[in-house]
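**Q** Residues or ranges marked as compositional bias 'Low complexity' in TrEMBL: 66-75. The feature compositional bias 'Basic residues' is assigned by TrEMBL to 76-95. As annotated by TrEMBL, domain 'Tudor' applies to 4-62. Among the features that TrEMBL reports, region 'Disordered' is placed at 52-108. The feature transmembrane segment is assigned by TrEMBL to 211-233, 260-277, 298-317, 329-348, 459-479, 485-504, 525-546, 566-585.
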Amino acid sequence: MPSRRFADGEVVMGRWPGSVLYYEVQVTGYNDVSHLYTVKYKDGTELELKESDIRSQSSFKHRKSQSSSSSPSRRSSSRSRSRSPGRPAKGRRRSSSQSREAKDDKKKTIQETNLALVVLIYVFKLSENNTRSYNGEPDSTEKNDTSCITLEQKLKPDLEIECVLEQYSLRPRKEEKKKEEIYSEKKIFETIKTIEKPPSKPPSKPKELEFGGRIGTFMLIFFLPATVFYLLLMCKQDDPSLLNFPPPLPALESLWEPRVLGVFLLWFFLQALFYLLPIGKVVEGLPLANGKKLHYRINGFYAFTLTAAAIGTLLYFKFELHYLYDHFIQFAVSAAAFSLGLSIYLYIRSLKAPEEELAPGGNSGYFVYDFFAGHELNPRIGSFDLKYFCELRPGLIGWVVINLAMLLAEMKIHNQSLPSLSMILVNSFQLLYVVDALWNEEAILTTMDITHDGFGFMLAFGDLVWVPFVYSLQAFYLVGHPTAISWPVAAAITILNCIGYYIFRRANSQKNNFRRNPADPKLAYLKFIPTATGKGLLVTGWWGFVRHPNYLGDIIMALAWSLPCGFNHILPYFYVIYFICLLVHREARDEHHCKQKYGLAWERYCQRVPYRIFPYIY
């Protein structure tokens, strides 16, 4: 077994992964199995390095002293050779001419080398400015100082050789020297100008289209609303078995009522009013493609509190909230119509949006695909962010209100003084999920819905129709199909939901905190793989367990929400099946996106964390 070269606590120079630069680090540990050193940079970043990537500080100092001490010896030896008396004059002239040509060649080589190094430094600085948005590297001040020292040590011997050549030029030609300097400077600035020059036209079409491309998205525009209405109609049946397909369709005139649309619009604009209230802190989102950061007001939990007060007031004045249950399908139709109108407005306004404000995945150039995926990334009316507002407010808070309406409808229809234990569990579990999302509202700013996906029909329909009317499917099912469960079964289901929630919350919090501030001392125990983008891939903690631990927690909770409905029909478990399919699709999309973004670093991460969602299974 190879012996260990550097001891714990020793201060050495460590090479930053993916670069040729060395920084001052401290050895904190050594792995006898992988033969990797754990080192800590000055800003607190910890990495694992090979022994070949670590050098002692004395080696840098030795190189500097060696280069400076070699010059006098060369000068003395050169003088002694030039003053040798035993050579004829003609021979001296021939040797001096040959040596001048050799020196000119060396000088030209050195100038080209220095040119390449200057350009390399400039490229490094340029890339450093582009990736400074994420603190996955040492502090910029320390990094610049150390890199300057390292490059100075590399350049100094060559510069000294150049000085020696100039000193021993018998007849320096000033005019030629001046031309060479002008040519060298011109070449440097032409090279830098070429580097700085942006591409003539960015690619407007992505290489691969999701959701089956144009045909798939066209079908989804009709398939998603049809799925919602099918599920709601099935829950209304006495026997919601899949064998009873298709369910009897109601008359078209019964699906629409202006009063229901008015109530829905009142709800939407009431949540918009709560969003505009000057309460709650204002935070910055992640940097956009143009480097800008949008500001968001975090007041979702305040909006939920005000909504709860408004609902409580209505109940106090004997307002029948089960009106939602009686007109549930009509509310779904009104929400679908509104989301379609909103999607048309979003696409029309996106046609005038600048190129840098368009969504990466919704800028294909195909009308149907961009309409579905969302053409504009962050459509705003002034400071009112439409996507961010719809992501949490009307649909998510509306989900809780619908569940409460189903609980009251169950009590009225079945003449119960208290709701059933199954209904209490469903309402409690899903209320916890919504309150958690609103309490940790800031974490949504790092999700792909906000940072990558545009706001089109997919998110508009999903936020305003799918979330409130499909996620409340269990509560809607229990109104017409009551299911009795015992207290031990209820306790077991509660424990299952708590396990799923714990995994979900801890994983999301760990990811969000690391993205916000990787140098946080509270996260010092986490290890990660650095990438060329400046970001890090966690290989310890929850994200070292599986690649998507938050998805695992989601699936466990979805199962706990469906178990109170019993096993008489598969309909209440549609949410579980849908959630598994959705998360597998998202996982595949994330895998493809991360592989393109991080390259070899992602392959190393997949080797370290082989399981995607389910440990030891998938």
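Including glycine, each Cβ sits where the backbone N, Cα and C put it.
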**Q** DSSP on the domain 'Tudor' (4-62): how many residues come out helix, how many strand, how many coil?
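**A** Within the domain 'Tudor' (4-62) the tally stands at 9 helix, 26 strand, 24 coil.
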**Q** Does the transmembrane segment (485-504) come close to the transmembrane segment (459-479), meaning at least 3 CB pairs under 8 Å for residues 6 or more apart?
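**A** Stretch pair does not touch.
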**Q** How about long-range neighbours of the transmembrane segment (329-348): same chain, 6 or more residues beyond its ends, C-beta under 8 Å?
**A** 225, 228-229, 232-233, 236, 250, 254-257, 260-261, 263-265, 268, 370-371, 374-376, 379, 386, 455-457, 460-461, 463-465, 468-469
**Q** Average the per-residue pLDDT over the domain 'Tudor' (4-62) and send me the rounded value.
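**A** For the domain 'Tudor' (4-62), the model's average pLDDT rounds to 80.
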